[in-house]
Amino acid sequence: MATNLRGVMAALLTPFDQQQALDKASLRRLVQFNIQQGIDGLYVGGSTGEAFVQSLSEREQVLEIVAEEAKGKIKLIAHVGCVSTAESQQLAASAKRYGFDAVSAVTPFYYPFSFEEHCDHYRAIIDSADGLPMVVYNIPALSGVKLTLDQIDTLVTLPGVGALKQTSGDLYQMEQIRREHPDLVLYNGYDEIFASGLLAGADGGIGSTYNIMGWRYQGIVKALKEGDIQTAQKLQTECNKVIDLLIKTGVFRGLKTVLHYMDVVSVPLCRKPFGPVDEKYLPELKALAQQLMQERG
């Protein structure tokens, strides 16, 4: 059901203007930029997209704009997860209406829901998605929900689930999931261990830094398919040098600043309470943007 979703999927950023409103023109440019750099698909409205500081209406607008720009060109996954099941269902129905290829949802967070309540939450969203495969989103560091291997097994075998976004540094668990579920589409979620995640069994990845250097991650996939571990490791090291800088600056605002210097995003701001990049990092981010543009050609 979801085998066509394998690949390198950029976790799409959401541009805002100086007044903190959606910057629709920059969003359209960013979608086209990702298409042009050879990304297999987009993961829209997730953590990188600052979904949880947007209204439901804004999240629907983002889905609609992305579909207008990219439907039929690359694969589109709509992250529809909310704490509220009803709101998640509303977004899932919108994703279906706009022509997305799949939906995804983070485990419901903040309140200490039981595991059965998690399962009911996913079943309801899957029902509202009306045939679109579900990508379960496991990100314990941000959700606070630490799923056991048995719980992951249960979630990924729910009717309608076709994939798992595994944003965890536990490569042993990644391998265990692959061993138990050989046909499951499995995404690596942490960019800094992309190559290792592929070796542990991931089919591809969903990541934020793909927005500025997606071709490097495609290069890692190609190298590993050819058995060239040395090249894959070299590319991963180059990616991680960038990630080192972004961690210092704040990843999302750092990425937006690089894209601003690439003339893709007009305003390099995240939505409050996120603040701007510290000015002391701007020269490094500008140099990085120039380096990546030259490398991309």
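Here the Cβ of each residue, glycine as well, is placed from N, Cα and C on the backbone.
Note that the structure is predicted; figures quoted are calculated from it, not measured.
The active site, proton donor annotation in Swiss-Prot covers Y137, and the record cites sequence analysis as its basis. Feature annotation from Swiss-Prot assigns active site, schiff-base intermediate with substrate to K165; the stated evidence is sequence analysis. Residues or ranges marked as aceneuramate binding site by Swiss-Prot: S47, T48, T167, G189, D191, E192, S208.
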Spatially closest candidate among S47, T48, T167, E192, the listed binding-site residues, to Y137 (active site, proton donor) (Cα to Cα): T167
Reduced DSSP assignment, E192 (aceneuramate binding site): helix
Around the Cβ of T167 (aceneuramate binding site), the count of other Cβ atoms that are within 10 Å: 24
Number of Cβ atoms other than its own within 10 Å, given for E192 (aceneuramate binding site): 17
Cβ-centroid neighbourhood (8 Å) of the aceneuramate site, S47, T48, T167, G189, D191, E192, S208 excluded: A11, Y190, I206, G207, T209
The residue listed as 'active site, schiff-base intermediate with substrate': nearby binding-site residues from G189, D191, E192, S208, Cα cut-off 10 Å: G189
Longest CA-CA distance among S47, T48, T167, G189, D191, E192, S208, per record bound to aceneuramate, angstrom: 16
Three-state secondary structure, which DSSP defines for the residue listed as 'active site, proton donor': strand
Number of other Cβ atoms within 10 Å of the Cβ of T48 (aceneuramate binding site) across all protein chains: 23
In the chain carrying G189 (aceneuramate binding site), residues 6 or more apart in sequence that have Cβ under 8 angstroms from it: N138, I139, K165, Q166, T167, S168, G197, G205, I206, G207
